[in-house]
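Student: Structure in structure tokens, see below.
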Amino acid sequence: MTILNHTLGFPRVGLRRELKKAQESYWAGNSTREELLAVGRELRARHWDQQKQAGIDLLPVGDFAWYDHVLTTSLLLGNVPARHQNKDGSVDIDTLFRIGRGRAPTGEPAAAAEMTKWFNTNYHYMVPEFVKGQQFKLTWTQLLEEVDEALALGHKVKPVLLGPVTYLWLGKVKGEQFDRLSLLNDILPVYQQVLAELAKRGIEWVQIDEPALVLELPQAWLDAYKPAYDALQGQVKLLLTTYFEGVTPNLDTITALPVQGLHVDLVHGKDDVAELHKRLPSDWLLSAGLINGRNVWRADLTEKYAQIKDIVGKRDLWVASSCSLLHSPIDLSVETRLDAEVKSWFAFALQKCHELALLRDALNSGDTAALAEWSAPIQARRHSTRVHNPAVEKRLAAITAQDSQRANVYEVRAEAQRARFKLPAWPTTTIGSFPQTTEIRTLRLDFKKGNLDANNYRTGIAEHIKQAIVEQERLGLDVLVHGEAERNDMVEYFGEHLDGFVFTQNGWVQSYGSRCVKPPIVIGDVSRPAPITVEWAKYAQSLTDKPVKGMLTGPVTILCWSFPREDVSRETIAKQIALALRDEVADLEAAGIGIIQIDEPALREGLPLRRSDWDAYLQWGVEAFRINAAVAKDDTQIHTHMCYCEFNDIMDSIAALDADVITIETSRSDMELLESFEEFDYPNEIGPGVYDIHSPNVPSVEWIEALLKKAAKRIPAERLWVNPDCGLKTRGWPETRAALANMVQAAQNLRRG
């Protein structure tokens, strides 16, 4: 029983973000479709080779995507919304981009599909749309073409396919309502056809991803698995693959399925290996997800070995990453600026492949010397002075309930704020960032590289802030922002100014489409050595008589969008960040900033996957926000912003944040999200996003007015704000000016009645 290793997927974007650059060049009309496709082929070949060289036995194929893998699955199944279809019914890469972005180099622009978070990660997928009576057929053969590519290169491959039940679970019904699970029998023939094609190619194992099996699914959905997999059995061996949580609660459903193996996430789940071994059919293969695919820490391989060694030789066993390595940066070896001690604590995707090779070899041979050597730095870290700050730990221990309470209730605060700001009805604002032009990015890059001194850098940033204020005044916005020209990323910027974080040069991970983020890494206790945002906020406010918002990223979002420590709880990290940012709120207020926005777009994304675990998380998540905000005086207006959210199931917690104003992303869901606020009778002010900033399309005045009127049927007009869905960082100035001008005009029309 030789033990093999495999990964569930590999980062797609390339070490230098080659995919991002190729996509954006193609979208801008600067390169051809053939050139784009060639970059994809080159990246896939390189990534398969890198994994193979690092010691991976079975290479994933089908993990590559031009936008996201759920959208790839939609095209595979022929699920293309009518508004995105080609006139001749064909499907091509531009069809895919129209669904994701709303437009492509060919075809007519149309509203992009809704985008939401992939389980509890910071990766996004395009939500499949289902309509009654829908037909499915094998349409987009990318998976088969990539399998042919890999086989031609001589690789031993394991195709990756998103499973049918999870695919339906992730989608939404459009138009006339019906049970989307009823489409299962319609999509299964396409899956059968794909598996038959893979069998023809001599494929032995297919990784079929069913991460929905870690959720607390309704019984009807659990019951759907058996007939679904009865229909799919027999053509190839199926490795039923789960991740992000354990499977024990749904193990009875799983063990009844006609599959040949099961992958479990032994990092994020609480499954007991001995229990799994006992309950799984004896002829099943167990794929043990022992190496964390979602973090950057070097594994203690001696611990991983101990976790699995008792079942070695007792059943077929593979060792694997816990989930796809998509969520990890590619290669630690190119990081030249990290301190040597700190660098020795990390492992990126390629190093994780090496860890899997070390683990496989030790399990096959029984020789653990290499594991002990590899694990030494991470064991030494536990005693490092870089990790522990007694002053932070003492302050955290001293927190009382009073520290998370504003002085007065919303009604009292709202009166003080109305008297201070005297805003019109339907007040207009933006979410914070303005277009990050080439000039802004070049300015920051030159400063970072040492090609520009601090004085010239500050002069340049000040000029961009001034331009942003002038633009907003010209447009007639009521509450302004400074535009965030000095910020590379809403989390990275704060991490750079807080102790306890480190940064990489090339630690990029994909967020969606061509968007990549470079998450900070929390390595120790968090504190704020000096004010972070005060100087630029104060400067922006000096340029205008209108209020300028101070802009902070909230503690839960900084936590969720960073790679966290693994030696303390997430709650501890969030509250340490909250205390650091509490001091920032006090300093902004002292500098005359009267409106302070604390963005928490990730609050819902941080939810545990099982609802039974939600309360504990929401309790400390809300408390962290309140610790951050509660230092503000009554006439200081606290805003928060959230995006890509389903709110109805956490409305109590959103109300408990006690923000004076919440801005939310609603345009893609056609104001659907406001239902939750209406039903809950949300007491504070709301800015429902009136246009989708992820698409370059400019909304008309009439469109925005119609959305606002729809919103006013649910929320009293005197409590409504007018704003875009999200920050405008990724847009160009021409469409930004046009969209905001229409937004301001719509608000003015409504004021006139």
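The backbone N, Cα and C atoms fix where each Cβ goes, and this holds for glycine too.
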Student: Looking at L-homocysteine binding as recorded in Swiss-Prot, which candidate out of Asp316, Asp587, Asp599 goes with Ile431, Gly432, Ser433, Glu484?
Tutor: Asp599
Student: Can you pick which of Glu463, Glu471, Glu473, Glu605 Swiss-Prot lists for the same 5-methyltetrahydropteroyltri-L-glutamate site as Arg17, Glu18, Leu19, Lys20, Lys117, Arg515, Cys516, Trp561?
Tutor: Glu605
Student: To the nearest Å, how far is the Cα of Cys516 (5-methyltetrahydropteroyltri-L-glutamate binding site) from the Cα of Cys643 (Zn(2+) binding site)?
Tutor: 17
Student: With an 8 Å cut-off on Cβ-Cβ distance and a minimum sequence separation of at least 6, pull the same-chain contacts of Glu484 (L-methionine binding site), or say none.
Tutor: Gly432, Ser433, Phe434, Met490, Met551, Gly727, Lys729
Student: Could you check which of the binding-site residues (Leu19, Lys117, Ile431, Asp599, Glu605) sits closest to Glu665 (Zn(2+) binding site), going Cα to Cα?
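Tutor: Of all the candidates listed, Ile431 is nearest in space.
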Student: What does the structure give for the C-alpha distance between Asp599 (L-methionine binding site) and Glu605 (5-methyltetrahydropteroyltri-L-glutamate binding site)? Integer Å is fine.
Tutor: 13
Student: Looking only at C-alpha atoms, tell me how far Ile431 (L-methionine binding site) is from Glu605 (5-methyltetrahydropteroyltri-L-glutamate binding site), rounded to the nearest Å.
Tutor: 19
Student: What's the CA to CA span in angstrom from Cys643 (Zn(2+) binding site) over to Leu19 (5-methyltetrahydropteroyltri-L-glutamate binding site)?
Tutor: 25
Student: Within 10 Å of His694 (active site, proton donor) (Cα-Cα), which of the binding-site residues Arg17, Leu19, Lys117, Glu605, Cys726?
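Tutor: Qualifying among Arg17, Leu19, Lys117, Glu605, Cys726: Cys726.
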